[in-house]
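Engineer: Could you have a look at this structure, given as structure tokens, before my questions?
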Amino acid sequence: MDRIIQSPGKYIQGADVLTRLGDYLKPMADRWLVVGDKFVLGFAEATLRNSLEAAALGCEIAPFGGECSQNEIDRLRDIAKRAECSAVLGIGGGKTLDTAKALAHFMGLPVAIAPTIASTDAPCSALSVIYTDAGEFDRYLMLPHNPNLVIVDTKIVAGAPSRLLAAGIGDAMATWFEARACSRSGATTMAGGKCTQAALALAELCYNTLTEEAEKAMLAAEKHVVTPALERIVEANTYLSGVGFESGGLAAAHAIHNGLTAIPDAHHYYHGEKVAFGTLTQLVLENAPQEELETVAALCYAVGLPITLAGLDIEEDIPAKMRIVAEAACAEGETIHNMPDDVTADQVYAALLVADQFGQQCLHNWE
Ligand SMILES: [Zn+2]
């Protein structure tokens, strides 16, 4: 099988980078449809307009309706057509960005993506998750290309609640372990080929960055200021993890996350918070060294990520619930089957209980 790595065409990150946005967008198109979170437009619209105007770019600003659904995409498509836009900029959180990516794809236009939080590794990827108007999962839309440009203003990211950065750290923490598993098994990644050396190296750099910088970055996020550590974590959460998961591959941690969504208990937790516990469970499943388990658990604990089931508000009927989670994690087509050995629901059930026990023991020692 061929080896493949894919990534956004250009990645730009810095404090106040939005004030320079027009210069970066200018080579791509003259008239932009800006799909923005209403909340974000509330404080960033004037900066956006000024920056685009200074670069002599036209723009039509369309506040995002709130759901990444086909109806919303069609609505924005009409606006873009009427305003004769030749490119799309998405600014805001995950659903806004997914909508901008899907819209640009359906219109055959270039797309720039400006995440305002660093809570997942989705912005850089060639994937949109489409929901119904009521907010239920509809389908994955695999895009032929990654975004042409991803631009992250770290001052805006630092202004968001710190728990969102921690969630991004949880999502990024899985990247190295899942890519490592895929490289051992020779699994096909989301990029449609085997993992390259480059993707594996980015995934490992992602993990090393987290162990070195995450705690320092959280201090900055709590004070809503930009420091070198915060810059490094935003890059790890967004770019290293983004390219790392897409071209390095997903394995047990994300499948266990998906399994956890099969019970209602943890619905109100962020993606990365559930992925963190999924990572701990994957390490138990693959019998990782004790030292690695301890490093991951300590890092989660330090940044406020859950390391027990109770930490995800799963407190009653645990055996029955974990049976459901384990079965769902092992469903056909799940990425858990990218692990080097065959994985059964029984094994996942055991790993879930042991990961929880391990997390409880850590908390007992540390608190
Ligand atoms: Zn993820």
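Note that Cβ sites are derived from N, Cα and C of the backbone, with glycine treated the same way.
Per TrEMBL, the feature domain 'Alcohol dehydrogenase iron-type/glycerol dehydrogenase GldA' maps to 8-154. Feature annotation from TrEMBL assigns NAD(+) binding site to G94, K95, T96, L97, D98, T116, I117, A118, S119, S125, L127, Y131. What TrEMBL records for D121, D171, H254, H271 is glycerol binding site.
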Engineer: Quick one: of the binding-site residues G94, D98, L127, flag those whose CB is under 6 Å from ligand 1, and say none if nothing qualifies.
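Structural biologist: None, as no Cβ falls under 6 Å.
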Engineer: Restricting to the domain 'Alcohol dehydrogenase iron-type/glycerol dehydrogenase GldA' (8-154), report the mean pLDDT as a whole number.
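Structural biologist: In the predicted model, the domain 'Alcohol dehydrogenase iron-type/glycerol dehydrogenase GldA' (8-154) has a mean pLDDT of 96.
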Engineer: Tell me, how many other CB atoms lie within 10 A of the CB of H254 (glycerol binding site), whichever protein chain they belong to?
Structural biologist: 26
Engineer: From the Cα of D171 (glycerol binding site) across to the Cα of I117 (NAD(+) binding site), what is the distance in angstrom?
Structural biologist: 13
Engineer: Cα within 10 Å of D171 (glycerol binding site): which of the binding-site residues G94, T96, D98, L127 qualify?
Structural biologist: none
Engineer: For the C-alpha pair, I'd like the distance in angstrom between S119 (NAD(+) binding site) and H271 (glycerol binding site), rounded off.
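Structural biologist: Distance (Cα to Cα, whole Å): 8 Å.
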Engineer: Neighbour count, 10 Å Cβ-Cβ cut-off, for I117 (NAD(+) binding site): what number do you get?
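Structural biologist: So the Cβ neighbour count for I117 (NAD(+) binding site) comes to 24.
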Engineer: Which whole-number value in Å describes the distance between the Cα atoms of D121 (glycerol binding site) and L127 (NAD(+) binding site)?
Structural biologist: 11
Engineer: For the glycerol site (D121, D171, H254, H271), what does the 8 A shell look like? I mean other same-chain residues with CB within 8 A of the CB centroid.
Structural biologist: T120, A122, G170, A172, A174, S241, F245, H257, G272, V275
Engineer: Reported as an integer number of Å, what is the Cα distance between D98 (NAD(+) binding site) and H254 (glycerol binding site)?
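Structural biologist: H254 (glycerol binding site) has its Cα 19 Å from the Cα of D98 (NAD(+) binding site).
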Engineer: Using CB atoms and a 10 A radius, I'd like the single residue among the binding-site residues D98, D171 with the highest neighbour count.
Structural biologist: D171
Engineer: Find the longest CA to CA distance in the recorded glycerol-binding set D121, D171, H254, H271; express it in Å as a whole number.
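Structural biologist: Of all Cα pairs among the recorded glycerol binders, the widest measures 12 Å.
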Engineer: Max Cα-Cα distance in Å among G94, K95, T96, L97, D98, T116, I117, A118, S119, S125, L127, Y131, the residues listed as binding NAD(+)?
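Structural biologist: Pairwise Cα check on G94, K95, T96, L97, D98, T116, I117, A118, S119, S125, L127, Y131 gives a maximum of 21 Å.
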Engineer: Looking only at DSSP and grouping its letters into three states, which state does L127 (NAD(+) binding site) belong to?
Structural biologist: strand
